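Summarising the annotation, TrEMBL assigns domain 'Amino acid permease/ SLC12A' to 67-391. If you look up TrEMBL, you'll see 68-89, 95-116, 179-200, 212-235, 299-318, 351-370, 490-512, 524-547, 591-611, 643-663 marked as transmembrane segment.
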Amino acid sequence: MSSIHAGNGIRVRPAPSRAGLGRVHYAPPPAVLKIPKTLRQRLRIQQFQRRWKNIKQDLPPQLSERHIGMISIGGVIGTGLFLGSGAALKHGGPIGALLGYSVIGTVVYCLCVSVGEMIAFMPNVGGVVGLADLYVDPALGFSLGWAAWYNWSVTLPAEISAAAIVVQFWDINRTFNPAYLTGIFLFLAVAVNCFSSRVYGEFEFWFSTVKVMTIVLIIIVCLILDLGAGAEGFVGFKNWKTPFADSYLGIDGSLGRFLGFWAVLMQASFSFFGSEVPGIAAGEVHDATRNVPRALQRVWIRIILFYVGGIFCAGLLVPANDSRLDLAQTGASSPFVIALDKAKVRVLPHIVNAAILLSAWSAAASDVYISSRFLFFLARCHHAPQFLASLIRHPWHETAEDSDESEEEDLAAVDDDELPVIDIRRFDEEESMLNARQPFRTENESMLMQSGSHDKEYSDTFGSGVEVHVTEVSSHIEDLTEEHPERQKISYFVLPLAAVLVSSSVGLLSFLGTSHIASSQTAFNWLVAVASVASLQSWAGLLFTYIRWHQGTVYAENKHKSLAMHDEESRKVIADIEKIKEHRHRGQPYLAWYAFGLCMIVLFTNGWSVFVHGGWKIAEIPANDGPMPPPDVRESDPVSQFLSSYIPLPFFLLLTFGYKLIYQTKMVKLEEMSFSRENIPEPVERKPTTRREGFLRWLLVS
């Protein structure tokens, strides 16, 4: 007899009749079926996988191994390193800046190896945001998704403001209207994202190549100049005689030096922001199971070479008390430009500033790309307005989004503890009477056979002997294409235009810095502070997700290890855990705990100076004896600093607990976690054909 779809993700079919059952009375009225929590978790994981595969069919992967490798290397090199390192050197001194960047570099490394482990095992559930939903709490997945969107969106105007600052290196007299420059850079960043992701991948590949070549050239030139090739002769470690800044915000002594070093941590956080991009963009990467973890696991090379190496060279050539670090109005405040200018190198400062300008454009384009994908994914998860889930395609094809929207609605039913049982009276009487005598079976009963207690819970629910088993949701890609052959068609141009435009609109904040000669720098500093807090907040959320993930794997391993000799299900669990360990760093979970703790400490202490500031004012009234001094010569506004330092935190908590209050979600317990890999195809390794290809693979993604 054919199967019957009962809704809410349940599919049942009558089992063959059994002789000698006797007369069975009519089935009882609809009752409620308790779903075991472990089964519900497996259903949710499979529904996430099915949804994500539908999304990937609508927005197919177009970033290749070459793209994601170079993006992981050079995509994070931006204005935070070229411009922000000047503020770090000024506040922390050469040693303080080096230590600050090194400490945040260790945090980023811990973050990347943690994200890489999770993405390697389960790349098809929406990245780390989907993993937070599945292994921590749906409320955290919701808030982390919106926080990540906010994080990347607010960085966009920071990069646009930085580009306007860099242009002032050639336009000291401000002959160009800053508003025109801001509009041009914003338009260029959005224009790159109005094409398919493959075009963005090519754009970012070549721009990342330029940025990598530039920072390598700068490091080499700085080392040569330090050894005596410049106008100053041999410099060596002369500037390290004063390893830390003399004071910070008027505080002298060891406390002032420590606080200067602590201030470097926030600036370094902005510089490193985006290092986890390969994990975020896993949904649009070919063979993400293999390529994304490889790109993330090699991040330590880039941290040491580009960031620590760059700040080390800047500290060798530029003293912390150099007056040009205080200019903060043009690209001339970059320590690399100052070092080249002191050495009387005429051409390289212009080349470096051009590279900084390209970096700002590249970073702004990346901000639009990542934020728009987060917004698109939130809409597809029904966490954002549905018009943001729309796609522009050419040629037009019916896709998973158009043909079967009900599949994505099934996830809400899986989140419930209870599901309605089929009322067989809805069919005609003769068939109903026959079916009432016959227990219902699933099309795939393996899911319910995890333990005897689950079977008993299902069987004892009804006095009539009617058994209902939940069908395992198929998420194999071949099953989907067999059911919907039209989904095999792929448009060569696919774009979430609505998400791109909405995310790009946040870039209009960059126009706030176009009215005054120092406004661009003020806006840049404020936006950097906001973006730094948001990035640390996102990192903390990702690390907490990994900590719960790790605890769940340890619990599952300990639970099933003793049963693996006699139980097939336990052997599968142990095999899946071993797959996870293939990508696990030997220092886990201590690396994740260290990074999480440091992120939380910096988050809550980054705005400490506002509490010792005596100038809290809502508005300023000019004195009678003269005009009010301009903002660039006044002390920092404590109200503005307080808002930029702490306003993202209550919004994140409001999103999390507001979602929990409305939807009554609960944190996923360790015993409820499932680590089934049955719906994820194993990657096929393609060996390099030449030595050059092998070297590039090792450098970029191996």
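Positions of Cβ are set from backbone N, Cα and C atoms, glycine also.
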Same-chain residue ranges lying at least 6 outside the transmembrane segment (524-547) that approach it to Cβ under 8 Å: 80, 83-84, 107, 110-111, 114-115, 117-118, 128, 131-132, 135-136, 140, 143-144, 147-148, 150-151, 154-155, 157-158, 161-162, 165, 266-267, 269-270, 272-273, 276, 509-510, 513, 589, 592-593, 595-596, 599-600, 602-603, 606, 640-641, 644-649, 652
Top partner of the transmembrane segment (591-611) among 95-116, 351-370, 490-512 - counted as Cβ pairs under 8 Å: 95-116
Tertiary contacts of the transmembrane segment (643-663) (same chain, 6+ residues out, Cβ under 8 Å): 137-140, 142-143, 146-147, 150, 415, 526, 529-530, 533-534, 537, 603, 606-607, 610
The transmembrane segment (212-235) vs the transmembrane segment (299-318): 3 or more CB pairs under 8 Å: yes
Contact between the transmembrane segment (299-318) and the transmembrane segment (95-116) (at least 3 Cβ pairs under 8 Å, separation 6+): yes
Local confidence of the prediction over the domain 'Amino acid permease/ SLC12A' (67-391), expressed as mean pLDDT: 81
Other parts of the chain folded back onto the transmembrane segment (95-116), taken as Cβ under 8 Å at six or more residues beyond its ends: 85, 88-89, 128, 240, 243-245, 257, 260-262, 264-265, 267-269, 271-272, 275-276, 279, 292-293, 296-297, 299-300, 303-304, 307-308, 311-312, 314-315, 539, 542-543, 546, 583, 585, 588, 591-592, 594-595, 598-599
